[in-house]
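Asks: What TrEMBL records for Tyr76 is active site, proton donor. TrEMBL lists 53-219 with the feature domain 'NADP-dependent oxidoreductase'. The signal peptide annotation in TrEMBL covers 1-20. The site 'Lowers pKa of active site Tyr' annotation in TrEMBL covers Lys101.
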Amino acid sequence: MWIPKILVGLLSASSQVTMTSKPSYPKHQLFKLNDGNTIPSPAFGCGSALFGKEATDAVLLAIENGYLHIDNSRVYGNEKSVGVALSKTDVEREKLYITSKYDALDGASVEEEFNKTISELGVEYLDLYLIHFPRAADNGGGIAKVWKSFEQLKRDGRARSIGVSNYDHDQLKELLSLAEIKPAVNQIRYHAYNALANAPVLALSQKHGIITEAYSSLTPITKTPGGPADKVGETIAIELSKRYGQEVTVGQTILDWLRSTGVVAVTTSSKDYRLREQLAVFQDDFPLLTAEEAKSYELAGPGWAPKTK
């Protein structure tokens, strides 16, 4: 089977990803960023099912089950309720990792929107601040202007790490050409059916030490069941169950694919058992996928699209 050279490089390099563990984020896998900081995986996402909804109970449930990385955005419309959860939890601020994103809502500048975000979240700083979409930079006055403001937040210590979201290869390359401080993270929609299409941006990120963070990775089982990735996941789940000594679900194999290839996971759930199931993947005793197993996920999608009625 023909495998694009760029994907071969990514797969062979996956075992070289720097992964460390720190007591400040137990139950998470830590990845080293290019600015010297670390980012814990997985993150609990406050978008998708929580978009525009009151999120206090959901965030508290996630924290109670061990999630310490909370991923949010101004455009989700629930930062104030997330802030209520942060104020109610017994977990101290420095033991939480909080991400939010710039959306240039109503043409707000980076400084204006950042101040609203930390005010509603009830925090003094963010661990990670991202440009949510390229168009947010356009609406905020252009990528050069917006990124300069991001760099100032980083220098001031108000955002400990800075990055982007939904940037493709060319958009990320443009940013790198003008950045004094490289983005530390690029958060993208990433799953088995678009892995090959995203190989160029992952390769560019790897070259510059930029961590890829993935959302919607469970798409093959949540939104487009019935595709070739189903069988791949079932096969890997059987094998991992043998290695792990207990049942491994297909959903867990997908998250393990991300972990094994150096990609940070953003996921969510409103159910206790599902939150614990997802977090279990990131423990030291959970078996990693082999390079061959990871490759099988990434090669499952080309040429396939869900059937439409």
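All positions are counted from 1 along the displayed chain.
Here the Cβ of each residue, glycine as well, is placed from N, Cα and C on the backbone.
Automatic, uncurated: that is what TrEMBL annotation is.
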Asks: For a quick check of understanding: among the recorded positions Tyr76, Lys101, which residue's Cβ has the most other Cβ atoms within 10 Å?
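Replies: The residue with the densest Cβ neighbourhood is Lys101.
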Asks: Over the domain 'NADP-dependent oxidoreductase' (53-219), what is the model's average pLDDT?
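Replies: The predicted confidence over the domain 'NADP-dependent oxidoreductase' (53-219), as a mean pLDDT, is 97.
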